[in-house]
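In what follows, a structure is listed as structure tokens, so that the remarks can point back to it.
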Amino acid sequence: MSLSHLYRDGEGRIDDDDDERENFEITDWDLQNEFNPNRQRHWQTKEEATYGVWAERDSDDERPSFGGKRARDYSAPVNFISAGLKKGAAEEAELEDSDDEEKPVKQDDFPKDFGPRKLKTGGNFKPSQKGFAGGTKSFMDFGSWERHTKGIGQKLLQKMGYVPGRGLGKNAQGIINPIEAKQRKGKGAVGAYGSERTTQSMQDFPVVDSEEEAEEEFQKELSQWRKDPSGSKKKPKYSYKTVEELKAKGRISKKLTAPQKELSQVKVIDMTGREQKVYYSYSQISHKHNVPDDGLPLQSQQLPQSGKEAKAPGFALPELEHNLQLLIDLTEQEIIQNDRQLQYERDMVVNLFHELEKMTEVLDHEERVISNLSKVLEMVEECERRMQPDCSNPLTLDECARIFETLQDKYYEEYRMSDRVDLAVAIVYPLMKEYFKEWDPLKDCTYGTEIISKWKSLLENDQLLSHGGQDLSADAFHRLIWEVWMPFVRNIVTQWQPRNCDPMVDFLDSWVHIIPVWILDNILDQLIFPKLQKEVENWNPLTDTVPIHSWIHPWLPLMQARLEPLYSPIRSKLSSALQKWHPSDSSAKLILQPWKDVFTPGSWEAFMVKNIVPKLGMCLGELVINPHQQHMDAFYWVIDWEGMISVSSLVGLLEKHFFPKWLQVLCSWLSNSPNYEEITKWYLGWKSMFSDQVLAHPSVKDKFNEALDIMNRAVSSNVGAYMQPGARENIAYLTHTERRKDFQYEAMQERREAENMAQRGIGVAASSVPMNFKDLIETKAEEHNIVFMPVIGKRHEGKQLYTFGRIVIYIDRGVVFVQGEKTWVPTSLQSLIDMAK
């Protein structure tokens, strides 16, 4: 037997120390490793295929490599192999059949190139190889050789902008320290002693590798090197699905393969096969088997496979597999459907629970409503019982008001929903008629105001008030005032004399904030105004001793524009009375003066120009100007009307009838050697007769300046003649004084106008900053003597209602709204004041 195997290495090769030849005899080692799939096989290289046994081995490259074949290191010590015999083929244990059971592959069964390899250390390396093993040489003295040279490299780097101690690059982004190397502790493989990352690597790349991912990748690579993975019989892999996974799948995809109800009775004709088939639902199509056609040969039904993939089908039952898969799908769908049904039932339980809570709340509310209605019914029945004529304890108006207050406070919803009109008509109206049975409004105008105000807050419909309606059937209080209170007022107005206006005015002033607006308008338009109109027609200004303004003007705050139709006949009667009037009669001024602010400015000016100004012109025309004996009565009669007629009309009278005669007298006096001191006094005396407003008029100012010019010319023309000593100086002084007064008056007027403008600006700024809109309305009401007060217990859309004079208003975000005929209308503050006057 050959002993050549004793000189083989672990790979079954002859040492390269022997002759370059190979023995072809079969050895025990060959027999032992015949069925070993992990044995080392020699792959023929390109040179061996070309040259055969004459191919030379490459022994020049002495660097250690990671390949399976290594060059011999002749500098290493000699390693001897102990003599002995290997086990024979007879003693070889029987190989286990790897097809029966799959065993884990041990590390010894790996190819040699993939197992952990010992690193060459010590004597196993040549001297030329020791400097590269593991990169263990330190870089501590790297670049120290430049100390003994010119340092051209360092200089070039510095010229290009390199700074010692910083990294390379434009932004110094290069590394400063060299890449560190870490020496492995032992002789194991990479990763055998844990992580081999250096401190520098951990700082630059802090990402930590996942050990689970590394282990999973290792197991994946390990499974690829098992013996004969393609031909071995692997265990079948089963895919298990839990109920929770099926539920999650059903929640994600809500489409089921189960037939819908509307598609369950659809007739379907299948003509895809050789024969026509009729199905009565789409679900039957999904249950159709994919059975191959009988007419086709078996060879044409199966696609041929080539190469290693061509395998026999073995045991295959497609119908059985289809049925099993169908059962699995139906089971999954049933599980998903049951889960959805369960979720639906749970949601239904929650929904029914909420419905139960709502119905419980509704039931409690209905019980409270029934209880409240029962109590309200008891109170109404008690009132009805006490309203009977034979009742020993009859119901009074105050007690009835307290009952209604209780209904409004404690049972407001029931009180608001009930028919208050019918309730008030049945209970309150009889009591109210009994209360006002002996009432005389002109004698006791405030009688019943408190009790009516209380019933107004109890009975008045807020919704009707907010919409400005006047429907008697919808508001109990309006109907109460109209049917109970209004008859007493009609009766007393028919007996009232308009010339005795004070009692009626006081009565309406006391009730204006209580009664509805439309009822007040009815009283003024239908009852009061016809009486006044008839009395004005019967009035005669020449014979009546009572002035008409004494019984007309008290109605101005209440009626205002309603009295406009009376002004035209009054002016006509006054014009007729002034036809024979003379300015010496001062009674005309007393009669006309109260009407100056009542008539419009245009109508008043027209009345004055037509009836008064011509009379005053005639009076001035009769005036005689005599410096020695002057009679001033006619002049006083005219000037007395200064406040009644306009300044322009008065100045026109003076220009036409006074100043021509006055200047003519002055010229005549100056031409007869006058005494200039007397002329000066005469000039100043006439000027003092006019008011500052008249003197400030340009026409009057020009006339007096003309008189001064005449006096100056008279003094200057008598230069050679005899002249009173000091006359020229006196006239010059007078002229200078008068001109200075004119300038001072003009300056004072300008200063007053500037001060008034400044005061108005300050007043506007001061009033706008500290006060709100309600305070501003209150201030304006005080200035114009208008009553401004809140309406107790009345609101519109949550806003408090106020009475501004006889108008009902409310304020919303700086805007005042006035109650119109059908709705609330926004208005300005000035318009509100005009309507309230």
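Along the chain as shown, the residues are counted starting at 1.
Placement of Cβ uses the backbone N, Cα and C atoms for every residue, glycine included.
The candidates are Ser59, Ser201, Ser300; Swiss-Prot tags Ser59 with the feature phosphoserine.
Taking Swiss-Prot as the reference, the stretch among 610-615, 652-657, 700-705 described by the feature motif 'Nuclear localization signal' is residues 700-705. Looking at Ser144, Ser223, Ser453, Swiss-Prot tags one of them with phosphoserine, and that residue is Ser144.
Looking up Ser210, Ser392, Ser457, Ser576 in Swiss-Prot, the residue bearing an annotation of phosphoserine is Ser210.
In Swiss-Prot, the feature phosphoserine is attached to one residue out of Ser98, Ser128, Ser239, Ser286, namely Ser98. Swiss-Prot lists region 'Required for nuclear speckle localization' at one of the ranges 410-434, 510-534, 710-734, namely 710-734. Mean pLDDT for the region 'Required for interaction with DHX15' (1-50) in this predicted model: 60.
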